[in-house]
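Student: This is the structure, below, for whatever I ask next.
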Amino acid sequence: MFINTKSSFKKTLKTQIFKMNIFFIIDILGLISFAISGALVAFNKKMDVFGVLIIAFVTSVGGGTLSDVLLGNMPVGWMENIMFSYIILGSAIFAIIFRSKINYLRTSLFLFDTIGIGLYTLLGIEKGLVAELHPIICIALGTMTASFGGVIRDILCNEIPIIFRKEVYATACILGGITYFTLIQFPIKENFVLVISGSVVIAVRLIAVKFKISLPNIYSKEM
Amino acid sequence: MFINTKSSFKKTLKTQIFKMNIFFIIDILGLISFAISGALVAFNKKMDVFGVLIIAFVTSVGGGTLSDVLLGNMPVGWMENIMFSYIILGSAIFAIIFRSKINYLRTSLFLFDTIGIGLYTLLGIEKGLVAELHPIICIALGTMTASFGGVIRDILCNEIPIIFRKEVYATACILGGITYFTLIQFPIKENFVLVISGSVVIAVRLIAVKFKISLPNIYSKEM
Amino acid sequence: MFINTKSSFKKTLKTQIFKMNIFFIIDILGLISFAISGALVAFNKKMDVFGVLIIAFVTSVGGGTLSDVLLGNMPVGWMENIMFSYIILGSAIFAIIFRSKINYLRTSLFLFDTIGIGLYTLLGIEKGLVAELHPIICIALGTMTASFGGVIRDILCNEIPIIFRKEVYATACILGGITYFTLIQFPIKENFVLVISGSVVIAVRLIAVKFKISLPNIYSKEM
């Protein structure tokens, strides 16, 4: 660190700021996606305005909150930066106003939820890397960050949590994480690695649901 | 701080001790209300004695534990002060002994639960103010502190969490929080502000359930 | 501390290392028991391979994570020692490969789950003692450590959490905890105390389920 030349220091700084920017943008996009996905589930449940706002909020910050708590980053992120709350509330109000335009509720919900898990998987992995944890732990953090908001949303709405079984939820997160740690072995720019890994999460889930693909069955017929 | 005159310092100290006392009393009353509400739900489920004690405990400390964890106040409050446990266990045992006298179970449960959320909303807001957080975050903390114990209670008892839909739960907390932050703009003594805000939470919920009032419907008929 | 003679210091050190070993072994055995119990529930739900791994993971680390978080021990244990993950994944893969040999699924599940709660009750009590907390709080920590993994497992699998009602779950943990704090009053070696207290948890649950014993009914017939 100390023997950095001035120019390499500048480069490091620039990379740091770039990384901050990338993850900041990912965080914002994830917040918006999950806020809208939360609002859509709350609409289905005919909740009142405050109910919709709260479900949007919980869905957005749930996963990040869990990973912050497990890592000991407290007060958790959304408490210290009020902008997060404004973005979530703004997205939820947007969804409330244009709810009649969001015609195909089920499809929209699925799409926003899927984009959200793709983005938050990356965010969770990054948090693990910052804390210098093992790749397996980073992937676990990514999966939790991606899925916990949706799990809380479903529990509070009395929906069966859709994680795991029907929609290849966790599998998509784990495959995205494995892609990330495979690609960073190669000399590829980190933002490409991020875009590819996030796309893997989204693609795996979309394709699996579209074509009703699932992992090889481990259950013999007599079971 | 350092240029305080002796008298203003004394006044600050007195205010501090007074505030501590007020919030201490609110905390105790909240513990008792939620412990009894937890015990009543556990009775409905025909739980054994230990089950009743645990549900009473979880309902009482759940909300405060969540807000302590999110703020990074660990070990959480009830672990460091054994008096909390004695009060909760005492309330639960009281409820067990006099359960036949608590005739109208549903009404009692609803009343104790409502008083609990009123008190804990104030407690959560105060925690947020101590951590110097934004009013929106303070209201979120108040709502979580008030509702999380009941949510865990309901999940552990296999009841559908009553938050949000049927009983204007979160709406009452949020309106109470807005009342608090509106009133402290005016030169009103803080204990009055607390009493009024807490009463707003309780009144909103009672009136809404009594007269089956809900927020303006945001759903058009064709949905 | 400072006036310890060299020999008593050595003895203390030896005891420390011994205690570390004992609790390390208990932790490992608990991880394996709960990982297999989680995998068995996931099999019942016909989950895919990743789903089974995740449920095994969550069941194993859930209780310890909760108690670590409440005590402020972050990053939580399993994140800092990758060996825990290997043991859990290994146990889950073992369960996947030999799932057809584990014939009596229900019985096996019940047995592994019961051994797990016995071991984790001790682990939670120990964590409370290390943090110098009151015995009641230690027993609460033991009960949470023992039961929370199973509760999350059941919630994620859409099973009704089996805690409390049917299988004398919490009662067993509390009785084991009371046994522990009773026995350490007497001049008995600590490893015996641990073995006896853990056995009490396991025995209480096994006997209660086997003979359909429950605590004295606190409900009068007219209720």
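Using the three backbone atoms N, Cα and C, a Cβ is placed for every residue, glycine included.
All TrEMBL annotations are machine predictions without curation.
Residues annotated as transmembrane segment in TrEMBL: A:21-43, A:49-71, A:83-102, A:133-156, A:168-186, A:192-213. Under the heading domain 'Glycine transporter', TrEMBL lists A:25-97, A:111-183.
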Student: In the same chain, which residue numbers or ranges, 6 or more beyond the ends of the transmembrane segment (A:192-213), come under 8 angstroms Cβ to Cβ?
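Tutor: Contacts of the transmembrane segment (A:192-213) (Cβ under 8 Å, skipping residues fewer than 6 from its ends): 22, 26, 110, 114-115, 117-119, 121-122, 125, 146, 167-169, 171-173, 175-177, 179-180, 183-184.
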Student: Which residue counts does DSSP give the domain 'Glycine transporter' (A:25-97) for helix, strand and coil?
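Tutor: Counts, helix then strand then coil: 63 helix, 0 strand, 10 coil.
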Student: By a Cβ-Cβ criterion of under 8 Å, what residues six or more beyond either terminus of the transmembrane segment (A:168-186) are in contact with it?
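Tutor: For the transmembrane segment (A:168-186), the nonlocal Cβ contacts are 117-118, 121-122, 125, 135, 138-139, 142-143, 146-147, 150, 162, 192-194, 196-198, 200-202, 204-205, 208-209, 213-215.
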Student: If you average the pLDDT over the domain 'Glycine transporter' (A:25-97), what number do you get?
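Tutor: The answer is 88, the mean pLDDT of the model over that range.
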